[in-house]
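Record features (TrEMBL):
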BINDING   A:Cys87, A:Cys90, A:Cys127, A:Cys130  Zn(2+) binding site
BINDING   A:His119  Fe cation binding site
There are 2 protein chains.
Amino acid sequence: MSELNNHSLRITKQRQIILDELCSVTSHPTADVLYQMVRKRLPKISLGTVYRNLEIMSECGIIQKLDIGGTQKRFDGSAHVHYHVRCNQCGRVDDLDLPPDFNVEKAAGKLTSFKILRHRLEFTGTCPECQS
Amino acid sequence: MSELNNHSLRITKQRQIILDELCSVTSHPTADVLYQMVRKRLPKISLGTVYRNLEIMSECGIIQKLDIGGTQKRFDGSAHVHYHVRCNQCGRVDDLDLPPDFNVEKAAGKLTSFKILRHRLEFTGTCPECQS
DNA sequence: ATAATTGCAAACTCTTTGCAACGCC
DNA sequence: GGCGTTGCAAAGAGTTTGCAATTAT
């Protein structure tokens, strides 16, 4: 799948608007939420197109696909490495800008015969709205 | 090894054998792999029963449901907090017994208005078999 | 006795895919 | 014009659920 990098990605209005909408937002929307957002500007777009483009853009490293707890994948318009908090009640996902700890990858590397490539740290908590 | 007693949970042979098989293994099987394992001892068991019991037992804290990358959930017969490495090529998941770092939860708590409850640290790497 | 649990199959949710028409380069 | 991309709908994968029969306590 990494040969997608060699494909010339065309700039279609669908792709542009999906990326626009995703980047316009600090939440980490699921594909269907993003689909609803995009439909306000492109009423005829299909959900399949949204999925296809999110897949392609995350493979190209333009965006991130998040595989956080919960049944649906979420998408992040920012490609830089950072951590996340997920609300155990409503599922909301926020960024958590703790500095990425790459030393922990070295420590892990000493405990396993896996060749460590990256790590993911996720917090579960209760968001302010759900605390009341 | 975990016990089923203590809850209002009945000890059925299905439940007992599912737990037995899960605990007999250091891998982190998906529901369908575990189903195949259990079927060798209980050929008439249904996949739904396996799913139902894994759900119930993880809710009771007897086992853990892992929501690691990949399309299927995985299950861990051990309920103690620990980290995991997942192979980016074959999907195999191993334990990684780095001591859980609860200080990171305190640090995170200072950066967010979420009330932090727990954290999850997962590594991605290439397993020995896939390195060749 | 009675309430939890089971097997079965159908339903459900999320995501992917085949295909003919379309549109960017 | 060529070929990547789209909309549509159907298929796929994984999991959950309704129900009547069964079983643990």
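Using the three backbone atoms N, Cα and C, a Cβ is placed for every residue, glycine included.
TrEMBL does not curate its annotations; it predicts them automatically.
The residue listed as 'Fe cation binding site' and A:Cys87 (Zn(2+) binding site) have their C-alpha atoms 21 Å apart, to the nearest angstrom.
Among the binding-site residues A:Cys87, A:Cys90, A:Cys127, A:Cys130, the residue whose Cβ has the fewest other Cβ atoms within 10 Å is A:Cys90.
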